[in-house]
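Per TrEMBL, the features are as follows:
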- A:62-80: transmembrane segment (TRANSMEM)
- A:92-111: transmembrane segment (TRANSMEM)
- A:123-147: transmembrane segment (TRANSMEM)
- A:159-177: transmembrane segment (TRANSMEM)
- A:183-208: transmembrane segment (TRANSMEM)
Amino acid sequence: MNIFRLTGDLSHLLAIIILVLKIWKTRSCAGISGKSQILFALVYFTRYLDLFTNYISLYNSFMKIVFIGASLATLYLMYMKFKATYDRNHDTFRIEFLLIPVTLLGLLVNHEFTPLEIGDTVLVVQVLWTFSIYLESVAILPQLFLVSKTGEAETITSHYLMALGSYRALYLINWIWRYYFEGFYDLIAIVAGIVQTVLYCDFFYLYITRVIRGRALRLPA
Amino acid sequence: TKSDVDHDEL
């Protein structure tokens, strides 16, 4: 555990807390993509299956449970409690365009390189982990699509996106660190992490030039 | 199959 990994995790934690609090306090999930939230829930469920197969540390298990819990809470708030405020007319990204390629890629390019056999738990967990890494890298697209469609985002939503985007960027530095000091690298995670971070670049630029200077995030017409 | 990849990251 190095400082970049820890700040990355804390940034991720902050993002999901900001999101739940935003919805809870404003009693509204306007401006938030339910489709991105469904994809994130799928990411957590498929990646953290190893809670049952592989104990790493109390910290690791705790964070995984918090991510799954917060993700479920967000879905509950969006699709049940504050359903009336959900922006479904703008949340029109077709998630099958992400799910189908990501599933195929997860089956083809993973760490096992052996044919899928029914009943092989380790292999299934590994393939699902790979699927989750690929899916996470693009899961924000429906949200970015929604922001571009409405042309604006509430400041609190911008903070959420900033924290969520920074998390993988900090992980990238963590991976450089681990490569130099531990000789550890995971090519699948690195490539997906780069893709994930690059997708946020346009947003990072808007955040720095507008939100930090106290203006609302509004896209140029 | 025994995986040699332990995912300690989140």
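We number each residue from 1, going along the chain as drawn.
Here the Cβ of each residue, glycine as well, is placed from N, Cα and C on the backbone.
TrEMBL annotations: computationally assigned, not manually curated.
Model, not experiment: these values are computed from the prediction.
Beyond its flanks by at least six residues, the transmembrane segment (A:62-80) meets 9, 12-13, 16-17, 19-20, 23-24, 29, 32, 34, 37-38, 40-41, 44-45, 48, 51, 86 of its own chain at Cβ-Cβ distances under 8 Å.
Sequence-remote contacts of a segment are chain residues at least 6 beyond its ends whose Cβ falls under 8 Å from one of its Cβ atoms, and for the transmembrane segment (A:159-177) they are 2, 4-5, 7-9, 11-12, 14-16, 18-19, 22, 140, 143, 147, 153, 185-186, 189-190, 193-194, 196-197, 200, 203-204, 207, 211. Listed as Cβ neighbours of the transmembrane segment (A:92-111) (distance under 8 Å, sequence separation of 6 or more from its ends, same chain) are residues 33, 35, 38-39, 126-131, 134-135, 138-139, 141-142, 145-146, 149, 188.
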